[in-house]
Each structure stands twice: as structure tokens, then as C-alpha cells.
């Protein structure tokens with residue numbers, strides 16, 4: 001067993017699936033995302049060099065990373081995604097907006113009533129084409145696989161209705177934040193705009209973590225486009241929620257074995 005200290009510090013809380021859905025679904029979802037309310041890793045160690053020097057360097061690097069992330073989890077109070085429910089279990093008090101979303105989800109998800117990574121990629125890319133002010137290379141299949149994985153609470157490899165709704169609501173909110181903090185209207189978030197955007201999303205990180213994120217998700221000039229911004233926040237939200245679920249006594253520390261650690265980190 002080994003100890004993993006607190007992760008970060010913050011809180012957090014797709015476009016038509018191909019020709020069969022036609023432009024109507026894309027138009028409706030594009031409208032939904034436009035109507036969003038405003039506001040809103042790290043280095044492993046090196047090998048063991050002569051006389052133990054390499055091992056000492058490795059431990060210092062790892063210790064620095066853990067120290068950087070250990071200040072964060074205490075203030076994170078996410079609302080977990082609602083439990084999965086069968087599509088037919090529609091509550092009488094659902095709003096018309098939720099009922100409409102269920103109908104759209106049914107069209108998108110198909111007979112299995114789940115959204116795959118490919119279906120998610122199609123819907124997100126159809127929506128972002130309606131927003132030329134968002135600079136993006138498009139959502140790739142690997143990005144969407146990662147997004148599905150971190151939201152996939154029952155490890156089916158797909159998103160059920162509640163999982164997809166939770167993801168979609170976050171994307172709407174984060175899109176509004178992205179536009180708000182793109183102050184120079186470049187279509188990207190630059191390194192100086194990033195802290196404000198992340199704090200508006202509820203993630204209060206230290207400088208070391210911001211630098212790590214910029215190196216991982218931004219281009220060589222330090223600019224982060226929309227798909228990388230969303231991908232990063234989806235991952236942060238999922239990591240925070242996973243940590244909180246394991247930190248049952250609220251100490252800011254969790255203890256996991258190697259199998260639990262691999263399960264947590266590899267399927268994401």
C-alpha cells in the first residue's frame with residue numbers, strides 16, 4: 001500500500017451523431033450550448049544512478065509533484081453525477097427541458113441508449129462548427145475516449161443518460177467561461193487568461209500545476225484551444241471526484257494498492 005496525497009484544489013460542479021440525425025439535432029444542441037449560463041501530470045521519477053544519486057533525484061521530483069498537488073482536495077465539494085436510471089424511468093416532475101433532452105439523447109444514443117466515444121465525437125464536432133469564435137482542431141477520438149472513460153461510472157465503455165447529461169451541462173458551463181476569459185477574442189485561452197478561467201470553473205491551482213497543465217494541454221505559445229480546455233477540465237473534475245470518493249474521512253490523504261491505483265489512472 002502507498003499513500004497518495006491530496007490532488008488539487010477546486011470544484012466543478014455533443015452535435016449530431018451522423019447523417020441519420022440530420023441538421024435538426026445539431027441545431028437544437030447548438031442552441032442548448034449557446035444558452036449556457038456565464039460565469040463561471042506530472043513528472044515521475046528517474047532511474048537509480050550510481051551511489052543512489054538517481055534514486056534521490058527521483059524522490060525529490062516525485063516529492064515536489066506530490067507537494068504541489070497536496071494542497072488542493074480539501075475545498076473541493078463536487079456534486080456527483082446522478083445514478084444511472086433506465087430511460088423508461090422518467091419521473092413525472094421532470095421539466096420540459098429535461099424531457100426534451102431525453103428525446104434528443106434517445107435519437108443520439110440509438111437502440112442501446114448509451115453514447116459511445118465515436119457518437120460523442122460526432123455530436124461535439126457538429127456543435128463546435130456552429131461557433132466560429134471557438135478555436136479548435138476538433139474533438140479527436142482519443143480525446144473523446146478519455147472523456148467517456150472518466151465519466152463512465154459503471155465501466156461499460158459508454159455513457160448513459162445521466163452520465164451524458166452531467167457531462168453536457170459541464171461543457172455548457174465551461175464554454176461560457178471559455179468565452180468570458182478569452183478577453184482578446186483570439187478564440188483561445190492564453191497562459192495569462194488560464195488561471196482566471198480555471199478559478200471561475202471552481203479549480204484553484206498553484207503555479208506549478210498551472211505550468212504542468214500548460215505544458216500538457218497548450219500549444220508551444222502557451223495558448224489552449226477549446227477542445228483541449230474542455231478535455232482538461234473534464235479530467236480535473238473526474239480526478240477530484242475520484243479522490244473525494246476515496247477520501248472518506250476527509251483527511252486529504254488516500255491509501256490505495258497498486259491494482260486500485262492502476263484502475264484509477266489507466267482507464268481515463
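In case you wondered, yes, glycine gets a Cβ from its N, Cα and C as well.
DSSP assigns residue 114 (Ca(2+) 1 binding site) to coil, not to a helix or a strand. All chains included, 22 other C-beta atoms sit within 10 angstroms of the C-beta of residue 114 (Ca(2+) 1 binding site). The annotation Ca(2+) 1 binding site is assigned in Swiss-Prot to 109, 112, 114, 119.
Positions annotated as domain 'EF-hand 1' by Swiss-Prot: 91-125.
The annotation domain 'EF-hand 2' is assigned in Swiss-Prot to 139-172.
The domain 'EF-hand 3' annotation in Swiss-Prot covers 169-204.
What Swiss-Prot lists as N-acetylmethionine is 1, and the listing cites experimental evidence.
Positions annotated as phosphoserine by Swiss-Prot, on the basis of a large-scale study or a structure entry: 6.
Per Swiss-Prot, the feature N6-acetyllysine maps to 179. In the three-state DSSP scheme, residue 179 (N6-acetyllysine) falls into the helix class. Cβ neighbour count for residue 179 (N6-acetyllysine): 19 (other Cβ atoms within 10 Å of its Cβ, all protein chains included).
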**Message:** Can you work out the mean pLDDT of the predicted model over the domain 'EF-hand 3' (169-204)?
**Reply:** 92
**Prompt:** How does the domain 'EF-hand 1' (91-125) divide up by DSSP, counting helix, then strand, then coil residues?
**Reply:** 23 helix, 1 strand, 11 coil
**Prompt:** Fewest other CB within 10 angstroms, which one of the binding-site residues 109, 119?
**Reply:** 109
